[in-house]
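What TrEMBL says about this one:
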type   : residues  : note
DOMAIN : D:234-263 : domain '4Fe-4S ferredoxin-type'
DOMAIN : D:282-316 : domain '4Fe-4S ferredoxin-type'
DOMAIN : D:585-614 : domain '4Fe-4S ferredoxin-type'
DOMAIN : D:624-653 : domain '4Fe-4S ferredoxin-type'
């Protein structure tokens, strides 16, 4: 595509979370795309992708729901932009499986009562920013560089795994989030837990799991000296943001093994425990902020761990 | 082990073109292991499947074979490095040609049988024999032989002209 | 689970079950050589009575019932770390999916009811509304699991932040979702799908 | 009219039990052209062979068919008997009525009918057979050994000691290979250099060995007994005939901070260097890419200080052609690295271990250098990042190996043993340190090997953990190792100061290119393929080329030395004769009909087909035809089936013979 001649434009699958607990992800995505002059048109009447629970117990249902959504997306022009990492993973996995497995494809076609549309490219927002819009152009478009903001980029599980499906980046050593952060003028920190699991959907059934795993992630970010964490998944956001207070209550001082054992605090000797709040941002919130979008329209008020003090401190508000 | 021998109305004639290093040795192994298979197959030994000219297969059909088997080393295991690869390509084209001419491809089987696969040799031969048995005899090529056999006499003007032009 | 003596014989090894797992997951079970890399990287390993490598080992021994009786499979977070790092291309995440499906079908004798309940409610929500409504999901979960006070403090906070919607509308094309569920059920009834 | 004799064997009862041999003999006798037929209890026995010889003489037979067992069993026996009776051995054939008939069929009538058919076919083959003479080729009694590691050194010394001349070609500036880098060797823990360097000196001093270091194989022509090998002598920039090896150039070279390959990049060397102090030859080379003189034209210090004037900046690569009769390939191995691999590479790196970016994660060979008295740390175990002595060392086995997802599914064979050795060396040097080993299986077959491993566990207190490591990352100055113990069923986390990876053994870079020059086959990993896994483990399918050492597959030192000596023995066997005799089943061209399309040349896997010019008496080119070099032809016959004008023919399997057999169906 010749730059400047044709406007980038995408069809858009927000997913359930972005209409509810992750609404600020949706709001900021729309604001960002508008600021970048990139078209974004929501697929009408989309359904839930089934997320983890569906493929957990009923792969055929999961594949069928995603296939249905993919064929709904056919009605809107442009590659399919997906913000939620879980939806992205499910849609890509469905395309991958159904292209490889004829038997499953036939079953799915019976289930959705129509042909499976598998050829529409599914792109994650990060991919669109870094590759299609382009890092150079992104850097050019920055109006308010995120100077001095130390960000721990958090990939989570689904953005890059398993290696043959998302095709987003190296599955063990990705750099796409860091690249985007640098383009925005922020400073990505090197840290150990950027791809560890946050506990995902156990937040409903077994919140204890989430507390333990998310605690390790927050700890690691603090140790690395990060001011905040950047995510690309509403579930990760929920676990790290909404449950942050609970985590502190449950684990108190950081433990030195990062793997929440009850002796953790004893091992930590006398030094004052680091209990800083770690605000959690969506990639689109940070990007839109850098593009000069007014902070009021980025949904910061919906966030539990208040990011405003940090942003004010860095003179970004 | 005693195998009950059943008499059939039709005993097909099966000709097997095999390479000496893998399939011939595999058939030997079937023998030393005393495996049993239908006695309809006649084995012709070649150094390599690469040596097998498609003309041999046509001729075998003409001479009364009801089924033909070509078998050599597994791809990559050729004693002569690449002979079986050439054979594979050659026979892929040849099969298409036979199909075009109207020969039922079920009569012609290609397989890889290594020197260690006595059992596979037995399976392949048994399967082909039984398959061809249900298909019945194949008279077409035999008849063709009689029709097309050239006496050697230049007895038509066209033939004479053609012959002269060669000089 | 007690360390019961394992009698191995053609009768006690349920290879048919293993074949089903392999068919559903599209991954070989026998390929695993028990290096333990999956368990080493599994974020949920500490919650499981059988770490992931042992789940595969039990499958190799045809001991599906021992797996289903435990809660390990319900503690898998589907993070795909095991699949990504397996040196033998064993798709353990898919095997876990398959095991959960089989347990689900058998109305699992598993001890882990909360995760199953959450999954069931989630899928019921999709069938009824086409999309996920988190407030309803959370409320229903608390009701059915008997933990009426769970996350009590979070709810109002989330509602005030706009993160949980009190009201929602159904998709216009909701009938199509019901169709998908129905047709899958029919296929299964006829034995056309697993 | 031919006069063929048919001899039907009972093989005790092996054949006669299901085949009516008398009937077969009788039927054979009725075939036109068969002058004699009989049956006998044991044709291969002495009286049986005498019977055959007598019949040839009495009935003036011009061809013989023995209907008995498989030709793979007794063809040689009967051909010898036929030859003794004055018949060309290639006019004696066997009809296989045992393995292919009596042993596999129960029905006596049908088996007998089949046996008759087999005999009928084979009689036609004998009838159309031709007398063939074995092919002889002269042998150049000089061997080429490629690679100067322990395999090449051993092979060269053995062949040279037997009195034959040897050319030893080594790519690096010194011979010695990987064995020279090792600290101590398992299971005896003797110093590697102490046992290696004397052998290197022997090579240098041996009157029968010509040593070319810093040289590579450019081109290989010819065939068994008669290879012409072009060797490229890379410009050393130092005249070997003048250099005395005093080393003053190296001490005066201003550029001294180049990572030394011999120390795995952990020691430093100057731009003009010998890889290590005991190098053979002790003649330096200039590393042109790092030399100031070559890069900017300014410096020239080494030339100024060199007394004999050996430094020569103008030196060019030179080429020589070596005539040899046999080639031993001993190019050895390299170690797999966990770095990120280029896109599309069949081999993958280890992102979960940081793709080689964590400085204190090293490989086994680096640990050898750290433990070696001649190494960069003088034999002290000090970690690369900060030079501290590590107190917790984690060893991880099977990195790259047995990991088909990373592209390598084989076992590298030596890692279990050298890791056990490493834990011992570490324990000897750091008494208060603790070694942990993550492993899947301890594979220790070999004399004294398992005892050695047990010693590491029981006496040297290495903690062996059965399980693999999923991820490693840096935390402060420690490396967090996340593994599992599958026996206990728990995750294991160790904060290590140093991690040593037992990385996979891979063939050397360029192994495939060399194989293509030599015309030998290699597997998907580029390991060279032996002719037969069991019975020809050192021969290549290409005659006259032999394999030694890890270029054929991962091997430890004793196995490598054994194979090198075996390859040398094969060379000596070849050199024991002045001329080579080989089976005359080779292709021949009918030059009259050949139109020179060279389709045959394209399909020939041996490169046996050449273009030959046919000229008239005035010397004008009439046409080009194919010519088969009988020394090189493998005898597969692919050329014949390919030839559109049917003007190339494989002796022993001519169209005439085969068509006659088909006619007899």
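Each Cβ is built from the backbone N, Cα and C atoms, and glycine gets one as well.
Given the structure is predicted, the values throughout are model-derived calculations rather than measurements.
Under the criterion of 3 or more C-beta pairs below 8 Å, with sequence separation of 6 or more, the domain '4Fe-4S ferredoxin-type' (D:282-316) and the domain '4Fe-4S ferredoxin-type' (D:585-614) do not qualify as touching, having fewer than 3 such pairs. Packing against the domain '4Fe-4S ferredoxin-type' (D:624-653) from elsewhere in the chain are residues 90, 129-130, 132, 135, 137, 223-226, 582-614: each is 6 or more residues past its ends and has a CB under 8 Å from a CB in it. Within the same chain, residues 173, 180-181, 214-216, 269-276, 281-288, 290-292, 299, 301-302, 305-313, 315-318, 369, 375-376 sit at least 6 positions outside the domain '4Fe-4S ferredoxin-type' (D:234-263) and bring their C-beta atoms closer than 8 Å to a C-beta of that stretch. In the predicted model, residues of the domain '4Fe-4S ferredoxin-type' (D:585-614) average a pLDDT of 92. Here the domain '4Fe-4S ferredoxin-type' (D:585-614) has long-range neighbours at 132, 135, 519, 542, 621-630, 632-640, 642-653, meaning same-chain residues at least 6 beyond its ends whose C-beta is under 8 angstroms from one of its own.
When the domain '4Fe-4S ferredoxin-type' (D:585-614) is classified with DSSP, helix, strand and coil residues number 5 helix, 9 strand, 16 coil.
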